[in-house]
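Here is the structure we will look at.
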Amino acid sequence: MNTVRSEKDSMGAIDVPADKLWGAQTQRSLEHFRISTEKMPTSLIHALALTKRAAAKVNEDLGLLSEEKASAIRQAADEVLAGQHDDEFPLAIWQTGSGTQSNMNMNEVLANRASELLGGVRGMERKVHPNDDVNKSQSSNDVFPTAMHVAALLALRKQLIPQLKTLTQTLSEKSRAFADIVKIGRTHLQDATPLTLGQEISGWVAMLEHNLKHIEYSLPHVAELALGGTAVGTGLNTHPEYARRVADELAVITCAPFVTAPNKFEALATCDALVQAHGALKGLAASLMKIANDVRWLASGPRCGIGEISIPENEPGSSIMPGKVNPTQCEALTMLCCQVMGNDVAINMGGASGNFELNVFRPMVIHNFLQSVRLLADGMESFNKHCAVGIEPNRERINQLLNESLMLVTALNTHIGYDKAAEIAKKAHKEGLTLKAAALALGYLSEAEFDRWVRPEQMVGSMKAGG
């Protein structure tokens, strides 16, 4: 039994594994780009299949493709979407910057499979042509950016945004639950005036709410599709109604608000929509890193750290120190946030480096974009499930640190003035006294006045957690 078959393209014949659906151009890419291990993301492959499915339907409706061929292409695309042919898409991210080889990989797989569905023999009877039929009314230059936007929008809507909302809700519930717990604040890593634990956490909630708004603001641009621009944005070799119809078809089959890009030249020449959207993801990463750092500092200890909150003990933390438990969810979250920030640099460089009518950094851009979405979505889910939901206050420790703080002296500013209040704090710190003892020793106020004016619960202001 032959292990290879001969396939040909405009450059001639080449041997292809007999059991594979791909053709000559895919095989050439496999042989010429043996670079690292990163493959085209499955979600991008499925977005390409969605794009080809929609194009086949519209080409049929416009009388440009026979019902027989269009139906076979759609059936083959549905098989790809069902995951039946995932191993037919082996190409590396590091290939042509337009994604042409992955577009042809999809064209060849769908053409060969559609030909089989119509009774043809793989690689011998080409009843459906990869370029003339599967790629009809298309160019890699508009297909690949379209698939990028489809994959990106679906990932943001289905993966990232739900997890962001869940984590925000968890922290909002914690903020309300801890609204009455007065604790010492900290600025510059030094003691500051009091606030409630609920107020502190409400800041985290507001950060995430703003992140959600920033991400949602970026979605309409990502929903604009390049399909119909063909080679350079002019729409050469397309029907006048094709671009609008194919965007409408993709919107229907994905239940997402896709529209045809109003300017195809921008859609082909730039990655601006994904640059902007990933900027919002970088902002989310910055917020999550701050939150995770706050959590692990507040939970530090258990006896020699801040220790104002407890977090779940999920696994042993040391191979040498018995009983040690570490804030591992915080560490995982901060690491992936660093990766997202690195991805942002790569995406910015790729987005800035397009020339004339086409950006040729697209595979790298979408690889990093989808990785960031996956990291943030998975990271938030894990952090929420294994850490955030289990945050609990250590009231005794909170009260101890609150009562030991010298910054409670700030409450005296309006009664005896800043200079005298500062003198009290310095004396207490230098001589190891309580604030009250230092104040009475200096004779600036009576014990009754001190007790009446220095009350932490009255120093947290009227700003409620959440607004």
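Glycine too: its Cβ is placed from the backbone N, Cα and C atoms.
Per Swiss-Prot, these features apply:
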| type | residues | note |
| --- | --- | --- |
| ACT_SITE | His188 | active site, proton donor/acceptor |
| ACT_SITE | Ser318 | active site |
| BINDING | 98-100, Arg126, 129-132, 139-141, Thr187, Ser319, 324-326 | substrate binding site |
| SITE | Glu331 | site 'Important for catalytic activity' |
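Projection of Swiss-Prot feature records onto the structure.
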residue	record	Cβ neighbours (10 Å)
Ser98	substrate binding site	21
Thr100	substrate binding site	20
His129	substrate binding site	15
Asn131	substrate binding site	15
Ser139	substrate binding site	24
Asn141	substrate binding site	27
His188	active site, proton donor/acceptor	6
Val325	substrate binding site	16
Glu331	site 'Important for catalytic activity'	12
Field: C-alpha spacing of Glu331 (site 'Important for catalytic activity') relative to Asn131 (substrate binding site), in angstrom
entry: 49
- prompt: Taking just the CA atoms, what is the gap between His129 (substrate binding site) and Glu331 (site 'Important for catalytic activity') in Å?
  reply: 51
Query: Hey, does DSSP put Ser98 (substrate binding site) in a helix, a strand, or just coil?
result: coil
- prompt: If you measure His188 (active site, proton donor/acceptor) to Glu331 (site 'Important for catalytic activity') at Cα, how many Å is it?
  reply: 22
